[in-house]
2 protein chains.
Amino acid sequence: MATPSQFLKFVDDNADRFIKRLGEAVAIPSVSGDGKYRPEVFRMSAWLDGQLQSLGVTTKLVDLGKHVMDDQELPLPPAILGRIGDDPKKKTVLIYGHYDVQPAQKSDGWDTEPFTLVVDEKTGKLIGRGSTDDKGPILGWLNVLEAHKTLGLELPVNLRFCFEGMEENGSEGLDDLIKTEVTKGKESWFDGVDCVCISDNYWLNSRTPCLTYGLRGLVYFKLTISGPARDLHSGVFGRMVHEPMTDLITIMGKLVTPDGTILVPGVEDMVPSAQDDEIAIYEKLDYSVKDVEDAVGAPITLSQDKVSVIMGRMRLPSLSLHGIEGAFYGPGAKTVIPASVSGKFSIRIVPPQTPEAIEPLVKKYVEQEFAKLNSKNKLKIENLHDGRPWLADHRHWNYEAAIRATEAVYKRSPDLTREGGSIPVTLTFAESLGVNVLLLPMGRGDDGAHSTNEKIDRSNFIEGSKLLGTYLYEVGAIKA
Amino acid sequence: MATPSQFLKFVDDNADRFIKRLGEAVAIPSVSGDGKYRPEVFRMSAWLDGQLQSLGVTTKLVDLGKHVMDDQELPLPPAILGRIGDDPKKKTVLIYGHYDVQPAQKSDGWDTEPFTLVVDEKTGKLIGRGSTDDKGPILGWLNVLEAHKTLGLELPVNLRFCFEGMEENGSEGLDDLIKTEVTKGKESWFDGVDCVCISDNYWLNSRTPCLTYGLRGLVYFKLTISGPARDLHSGVFGRMVHEPMTDLITIMGKLVTPDGTILVPGVEDMVPSAQDDEIAIYEKLDYSVKDVEDAVGAPITLSQDKVSVIMGRMRLPSLSLHGIEGAFYGPGAKTVIPASVSGKFSIRIVPPQTPEAIEPLVKKYVEQEFAKLNSKNKLKIENLHDGRPWLADHRHWNYEAAIRATEAVYKRSPDLTREGGSIPVTLTFAESLGVNVLLLPMGRGDDGAHSTNEKIDRSNFIEGSKLLGTYLYEVGAIKA
């Protein structure tokens, strides 16, 4: 089933109006991580629900209950479930997206008001909070729906939607919703779903579209050393007592080497070496050491070899030391011996590693190293949160469809990538529904999703809308 | 010249009124470290100046100029210079104290309002910010002056005063004032001073009075490692780049061992071993491992041997790791790779160590250790501030006078102690005036000078006032 040219033309002809609608969405500051914006997140859910309904989608707002944030009980924004099409002869595609955004204030360093979409005619950038993460992609789907409704075109697949309003704040309630929903059989909004498409990540660079088939998992540790009952003055007590900071820093200094090697015994050994066909994928990627240097703003890659650097992110575990809670952190000089300090570090994990396998290795090692110190202080190590890694079969028809759609719209093959971070809902969909999940990014690697001056390029928004529609046609063309 | 019994009786008879005056002083929240209280620091200077004048002291408020704090230009509170008595046959004693206090809010954990002096009749505690640090001792001198004025008694010595209002905030301007003042010869307010008495420290414990003849110095370092141009997401960049935190923690882990040994080559070697007569002083001190454990609230001393523990504070250098600026410090889990992190650590130094000798050793060692890491990040190490150690001759007549005064008032010999912290003005007086300086504490080791529920015991305030007066008589009795 070829993508109808009227659809592609409609997207081009209505580009300015689509951008105006993106402006409406950006103007609602649906910040999920700050309690005072919670009403705006609800307003955003109502706006999105209205759009979906007006485009023929049957929807249901699912109340996810309440949660406590900053000592305040707040209602969780609803998940929006949607359905359009029920043709048993068609494939059914589940679309995920989120309508909440990261916090943003002009004083953070934005050049423009973050909740006003600014169209930079010269560069083609559409600048505003949520433009690329994740309102742009959600509105891409609205654009596809509107084109078909207005043109009277039949959709090539049945669509299901799951949009949430808490992604930037831990996706609270979503896992339970999905797991509960799948148990409902024929009553389930996810009944009959053949594949999932998530558009909530980015190209590796600013040039080449990509499809993402893997994500690292994570285990986040809090290592606490406590000694005195209260903070002490280093003049009075320095060299009289075991100082928690000394113990903590000594142990944290034994977790990872400056070249990135994880020193916790057993962690590195779990990961099999890359085979030739996998290495071939990395070699082909349109991503260079220079791209990494540009992205981080300094020539600090662990290696000058492209494949080594890429593998560090995509298929090796990493251990990062994030900081210390309880120690002196301000500017200036304070001569404190902190009473209790908690080192925060996390390990990004890759298949076949699991949190269940990694956690005991880390705990055992840290406890052994602490015992060597002969300190009278107390040690505590906790797993603050974790998530398993995810790896999809990139030879699945879902990926083949996305590859063909990319080639049709962008006239080039997409890169096949694994991401170093995690999008936990990916794994939940994959495991709960037992179907292939595809990450199909709309924006570019330099969009600054969680940063100041977040943008999506006009061409990514418009061509990306065509890509989403074309992908549906390619899925629709798959033989059952 | 024996201390007149009328003086001692006057102090006892007027104790309640003296405590009421201490309440007036505590009620002025002269917090020097918080800009919004600056007018209160000025109000306190006016109050103290008025008291001194009414007791016959000639005073001069010295404008110390302005300084910038928290991006705000503020006037520095004046130093109060005072003089009473000009008899060339008498010794001249210079008294130092400070009328500013540490910040305090009830919400910090105070049981009572910090700026209302609460008299606990049951325990004899006088509770309030500044009660012991340093308004109690200053008012002890006022009590001595008032007794003599009211009784028509001649003071046994000439007195000079130097009171400042910025001690809790770096004593800004005071060093310059002292150094300038001593150059004025006969015009100097410090002309003819024979010795200095500072009452701004504490007994070692809550039982035995002490005299303090030594202080450690300090060199405070800021070790910065910078890499990326901005904070990075550990999912995206973990194991692609050299992480500044990994480098920093690796180096900080090589500065000091958990048993307190400083690993910077050369630092420990500089300090001579203690001789028998010095060890004898430590053995005699009324201070036990249990006292340290009680003070810090946990059994975490580096040794169970009393003399070892005491020497750790009084005559050995110490290295404390205070914290990290620029890393994640909040509660919870944040998966950041901080772009630039600054480790703060300081070395308390003892004679013959000097900042000039220590600083290059530390810088060389840190640079060598960093070079071993083969990191592409950047290193910077700065000395944020420093101060030399101080050691006085405790066989000087100034100390002999204080020992006899203590024996007369408290019926026991004082402990001779060295403190682990620093009181920079001590060294400035010792070097600028070239005379013996005595630290004669009024309060106890458990007064909580910089903590919540700061107190001075009624008996320390009242017997301490007698001690100050008796000390003057003992100095007056010294043969020229």
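We count from 1, first residue shown onward.
Even glycines carry a Cβ here, placed using N, Cα and C.
Predicted automatically and left uncurated, TrEMBL annotations should be read as such.
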(message) Quick check on the annotation: TrEMBL has B:His98, B:Asp133 binding Mn(2+) 2, so which of B:Asp13, B:Asp16, B:Asp200 does it put in that site too?
(response) B:Asp200
(request) Give the helix, strand or coil assignment DSSP yields for B:Asp133 (Mn(2+) 2 binding site). (result) coil
(message) If I take the alpha carbons of B:Thr335 (substrate binding site) and B:His98 (Mn(2+) 2 binding site), what is the distance between them in whole Å?
(response) 46
(message) Can you give me the Cα-Cα distance between B:Ser422 (substrate binding site) and B:Asp133 (Mn(2+) 2 binding site) in Å, rounded to a whole number?
(response) 15
(message) In whole Å, how far does the CA atom of B:His233 (substrate binding site) lie from that of B:Asp100 (active site)?
(response) 45
(message) Checking the spread of the substrate site as listed (B:Asp200, B:His233, B:Thr335, B:Arg348, B:Ser422, B:His450): what is the longest Cα-Cα distance, in whole Å?
(response) 49
(message) Here's one to test understanding: among the recorded positions B:Glu167, B:Glu168, B:Arg348, B:His450, whose C-alpha is closest in space to the C-alpha of B:His98 (Mn(2+) 2 binding site)?
(response) B:Glu167
(request) Show which residues of the chain containing B:Asp200 (Mn(2+) 2 binding site), separated from it by at least 6 in sequence, have their CB under 8 Å from its CB. (result) B:Tyr96, B:Gly97, B:His98, B:Asp133, B:Asp134, B:Pro137, B:Glu167, B:Ile423, B:Leu439, B:Pro441
(message) Checking interface proximity: list the recorded positions among B:Asp100, B:Glu167, B:Asp200, B:His233 whose CB sits under 8 Å from a chain A CB, in sequence order.
(response) B:His233
(request) Determine which residues of this chain, when B:Asp133, B:Glu168, B:His450 are set aside, have a Cβ within 8 Å of the centroid of the Mn(2+) 1 site's Cβ atoms, and list them as they appear in the sequence. (result) B:Val101, B:Gln102, B:Asp134, B:Glu167, B:Ala449, B:Glu454
